[in-house]
Each structure stands twice: as C-alpha cells, then as structure tokens.
Amino acid sequence: MSDEASLGVAPTAAAEGAATPGQQQALLAEMVEDAAVWCAVNGLVVGDRANQRSGTVPGVGLVHAPFSLLPARFPASFWKQACELAPIFNELVDRVSLDGEFLQAALSRTKQVDEFTARLLEIHEKMMTINKKEDIRLGLHRSDYMLDSETNSLLQIELNTISSSFPGLGSLVSELHRTLLNQYGKVLGLDPKRIPQNWAATQFAEALGKAWAEYNNDSAVVLMVVQPEERNIDGRIVAVVYFRAGYAPTDYPSEAEWRARFLMEQSSAVKCPSISYHLVGTKKIQQELAKPNVLERFLDNKEDIAKLRKSFAGLWSLDNEEIVKSAIEKPDLFVLKPQREGGGNNIYGHDLRDTLIKLQKEQGESLAAYILMQRIFPKASLTALVRDGDWFEDLTISELGIYGAYLRNKDKVILNNQSGYLMRTKVSSSNEGGVAAGFAVLDSMLLTDE
C-alpha cells in the first residue's frame, strides 16, 4: 500500500503534494503532537490505568483517550440511512417496553440459565404485579452498525438501552478531527466540512433536562448511578435516575445493590432506563424482534418496518439446529453472543465451535444463554492510531454508533431524535471493539460520495 494511502489521502491530492515518505512521517508526528495538546486542553482525556492514584485524586493520572489521527471515510448514503433509523428504533423500544408479557415470555428460557437476567426479570415481574406505570419514559439509546463489504449494506450489531457510553468523548473527537483538518486539510486533500456535526453530549444533557422539567418539581434533583446502592441524599426528591452502571453482574456484588435497584424501580422518578427499557436492549430480545412478523406486533408503519428489517443481520437462537450445524462447520461466519454488555464477551472462531459442541453435549436449557449472529465483514483500511502519546499504523475496521433520545409523557412524545454519533475503530485482527475494554480507539467520520 502506498504512502499516500496510509494517510487516507485521495490519489489526486497526494500527487499534487508529492511528499516524500520522510516528509509524510514528519507531518504525522507533528499532527500527533498537536492532537495530544488539543486533547489535554479540551478534556479529551481518560483515567490512566498505569497510575495507581488515577480516579482517587482529582486531576491526577489522566491521559488522552485513544483516538484515530484522521476521521474514517464513510459513505454519505449509509450515514443518512443510519440517522433515519434512530427515531424508528426509539419508538420500537418504547412500544416493546410496554408489552411486559412479551418480555417475560421471550426471556423465560434465558432466565433459567442466566442468573443476572433472572434477577432483572424478577424486578420487572414485581413491577407488573403492582401495575407500576411509567408515565414519563426517557430513553438514551445507541444503535451500533457496521458496513458489510460482502453485501454492501449497513447492518445492526446491537441496540444499547442502558449506559450508552461516549457521547461526551465522541463529540470531542469530531471536534479534534475538524480542528486538525482546518490546519492540515489542504495538505492532506481532506475537507473538514465533510465531518458531520456531533452534538451527542449536549443533546443527551438536554433530554435529561427536559425529563426533569416534565417531572415538574423544581426542588427535585437528577441522580446519576455509578453503582446501584442505597444512598442518603438528604431527603431530596429525585426526579430522574440515570444509570451509568447496572448493566453487568459485577455492578451488583451484594444484595444491597439489588435492593437499591428495586427501590429505584418502585419510585416515581423517571428512570433512564426503566427496567423494561433495560430488558428491551438484551441480545435475546434483539433476536426475537428479527423473527418474521414480530415487528408488526409493535409498529404499524410498513415503511418503518421495512427500514428496520433491512438493517437486521442474521440472528438465531441455538434451537435452530441447522444454523448451529453451519456455525460449527464454518465458525468464522458467525458470532456467539451471551446476554452481556460492555465488550469482551463475544465468542469467535475455534472457541465458538468448541462452545457450541460443548453446549450440544450438555443439552438442557444452557443453549438459551446465547444467540448466534451473522458475522459482519467491513472493508479494512490502513489507519494511524494514537494511544498513550505514541502512534502506529495498522489495518482497521470501524463501527458506527447512532445515538437516539426519546422522551414521552403519557400520550405526548416530547422528544424523538437522532442525537449524534460515535465512531470506533479497531485493528481488523481484533474480534472485540470496546474502547473502555481496550480493544478500539475513538474516531469520527469523513463523509464520502462512494
């Protein structure tokens, strides 16, 4: 691959510059230094895991978030498609959340083999028993996609309904790239106006503020939950509870955390998400919604249903013996997903085959703990990645997350918007893609006419 290609420069633009390899390396090094300074000044930083005082002493142990030096190229037509899907998925989450019997039935087998899902369903069932109504419903979602090179289509990986991460840092990376292209764009042949505006952090904050306003109590507060726990907030009324944690079993190390989650669900506060919204985001529900005629249970608009179905990758339960057989024979064409969030949980390749064979031998309900998904194969490109102040080039693939904000008060929809985006880029040889888990870097996009 040419030196021009390594910079993501169009061939015609590269020819005009006629830069030598040494000059290009010097340019990259200069850009990396400028980018690192920008990160420090503008707060594009995270805790440094190598520093033991990080996270315990304010202002100590911070390092720039891992990022791509230049924005990933992304076709404008697929960007438009992804943005149009956001309000439809927002509405779908709300509709499904109201069908408690569907949620309980769809996850009934999963709870037999997954204690975490069982505990969530237990809380949900108790809310159904007391006929708990969530008149004000707030959803801050993120739907993740990849471009499949084999079918040339935008396919959904998953829909996140709890703790949809990185709206703040994702917005900052877009600004970082726009700043770099304002300075170096002419040399690189890249137009900063091709980077979409990204107001994810602002729009999420506005949605939280509007939910607080709908609660209609000026003395009430917004509570961010970083770990479910019983807390004394000096008798203050809580209008909105935002869950930054609570999506993984490790967030509930004792019964105290489960009691706290139950207490919050019982309260009149607006939950983001409520227990029902939380359950809609599980892998099993994603797979159930992909079945024939299920979307029609929740949506009336045939065009909206067609748009959603177009974005669905292949999704199957392990009851499908034919698909399981195919996955064992060709494991590289599938992903095995447990009912977990947060990255680092999916199973691929030989491990996928071995796990399926083991599950088949065990029989019983253990198959219900997983779903199978078609593996998506994006086109790889050579990219400059920056981590801990150092940069390197590698073949990468990217994943686009579209944020959505939804707020409803009884029959009135207050908000239903696409609310910015998150682009994550990872080395193509890596199976997982979480930034916080250490598998990927933050990125933005440069829209193309391809």
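Even glycines carry a Cβ here, placed using N, Cα and C.
In TrEMBL this protein carries:
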BINDING   ARG142, GLN197, ARG424  substrate binding site
BINDING   GLU158, ASN160, GLU341  Mg(2+) binding site
BINDING   GLU158, LYS283, 337-346, TYR348, 373-376, GLU399, LYS426, GLU432  ATP binding site
DOMAIN    237-280  domain 'Glutathione synthase substrate-binding'
Which binding-site residues are spatial neighbours of ARG142 (substrate binding site) here, meaning Cα within 10 Å, out of GLU158, ASN160, GLU341, TYR348?
GLU158, ASN160
Just to be sure I understand, if DSSP states are collapsed into helix, strand and coil, how many residues of the domain 'Glutathione synthase substrate-binding' (237-280) fall in each?
21 helix, 9 strand, 14 coil
Limited to the domain 'Glutathione synthase substrate-binding' (237-280), I'd like the whole-number average of pLDDT.
96
Report, in whole Å, the straight Cα-to-Cα distance of LYS426 (ATP binding site) from GLN197 (substrate binding site).
22
Between the binding-site residues GLU158, PRO338, GLU341, TYR348, which lies closest to ARG424 (substrate binding site), Cα to Cα?
GLU158
Using C-alpha atoms only, work out the spacing between TYR348 (ATP binding site) and GLU341 (Mg(2+) binding site) and round it to an integer in Å.
16
Between ASN160 (Mg(2+) binding site) and PRO338 (ATP binding site), find the distance joining the two CA atoms and give it rounded to the nearest Å.
15
Reported as an integer number of Å, what is the Cα distance between GLU158 (Mg(2+) binding site) and GLY344 (ATP binding site)?
14
How many other Cβ atoms sit within 10 Å of the Cβ of LYS426 (ATP binding site)?
23
Going along the chain, which residues six or more apart from PRO338 (ATP binding site) have their CB under 8 A from its CB?
ASP114, LYS283, ASN345, ASN346, ILE347, ALA369, TYR370
If you count the other Cβ atoms within 10 Å of each Cβ, which of the binding-site residues ASN160, GLN197 comes out on top?
ASN160
